[in-house]
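Worksheet: one structure, shown below.
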Amino acid sequence: MAVDIQPACLGLYCGKTLLFKNGSSEIYGECGVCPRGQRTNAQKYCQPCTESPELYDWLYLGFMAMLPLVLHWFFIEWYSGKKSSSALFQHITALFECTMAAIITLLVSDPVGVLYIRSCRVLMLSDWYTMLYNPSPDYVTTVHCTHEAVYPLYTIVFVYYAFCLVLMMLLRPLLVKKIACGLGKSDRFKSIYAALYFFPILTVLQAVGGGLLYYAFPYIILVLSLVTLAVYMSASEIENCYDLLVRKKRLIVLFSHWLLHAYGIVSISRVDRLEHDLPLLALVPTPALFYLFTAKFTEPSRILSEGANGH
């Protein structure tokens, strides 16, 4: 195969785009930005992203997809009140919104119409921040080579959040207006108003810290799930197994946290060696068991009562 010989490209992410191919001859253009859906290879040629996402990539996308759902559930529970019968329907609606948004996002991504995506492999942290690596050969002129080297892991999250927001605005107000009769008029839509705040925050978080989240999300899941489980069990004054079993809601919260623990462990281990990594899942119930065994020494109910009395 004959390839035209040109000077090497400057910069970490500048590449040459294929202009013409005739049999065994390939003609490439000048160094510049690669088209969307391509990234540079070791020879500085722009190559299409044709690989399948790794398990870790899917786990990252799952984490980013879970964030709005968890926040929806939190604010629905926060504003619905203990006696509100609308909370369950809103929880189900939020799950439906996020699920449909994820499916639609996959369908509109390349290749269009299938629940499958093509991607470029993430090699290092700088792949997420190509705008920081535009070369300046003469220290005056900058060659702009910014492109999505981690295609589509960066932009697909924004598309998903957009569909989540659209579906929420189409479905949730009608549901809340119809069934949230136990709430005051000012409280009915507070969970929706909260979403209008946290979606922009999540968008900025992905835009600025997407690369950092990609490498840190397993540890974020483990730390937050451990902290929130301890806070919930303490606030609910759960000091033994009986306190845990008297209400179904407490069991649902416990199992949800166990799923998050397992998700974080699998993400950290990446299940590279299945027979060695699966036993790690036996650690999932350990934090809850440790709390129950040590609660009698700390007496969280006494601490809460003293805090409420201002002592």
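Think of each number as a place in line: the chain as shown, counted from 1.
Cβ atoms are placed via backbone N, Cα and C, with glycine included.
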Legend entry - Swiss-Prot: matching membrane side for K44 and D277: yes
Inset, instruction - Could you put numbers on the helix, strand and coil content of the topological domain 'Lumenal' (1-57), residue by residue per DSSP? - result: 3 helix, 26 strand, 28 coil
Inset, instruction - Could you break down the residues of the topological domain 'Cytoplasmic' (232-250) into DSSP helix, strand and coil, giving a count for each? - result: 12 helix, 0 strand, 7 coil
Inset, instruction - Kindly say whether the transmembrane segment (278-298) and the transmembrane segment (58-78) touch, using the definition of 3 or more Cβ pairs under 8 Å where each pair is 6 or more positions apart. - result: no
Legend entry - Spatial neighbours of the transmembrane segment (150-170) far in sequence, C-beta under 8 Å, 6+ residues away: 36-39, 49, 53, 57, 60-61, 64-65, 68, 72, 94, 97-98, 100-102, 104-105, 108-110, 117-120, 122, 127-128, 192, 195, 199, 202-203, 206-207, 210-211, 214
Legend entry - Selection from 58-78, 88-108, 251-271, the stretch that has most Cβ pairs under 8 A to the transmembrane segment (189-209): 58-78
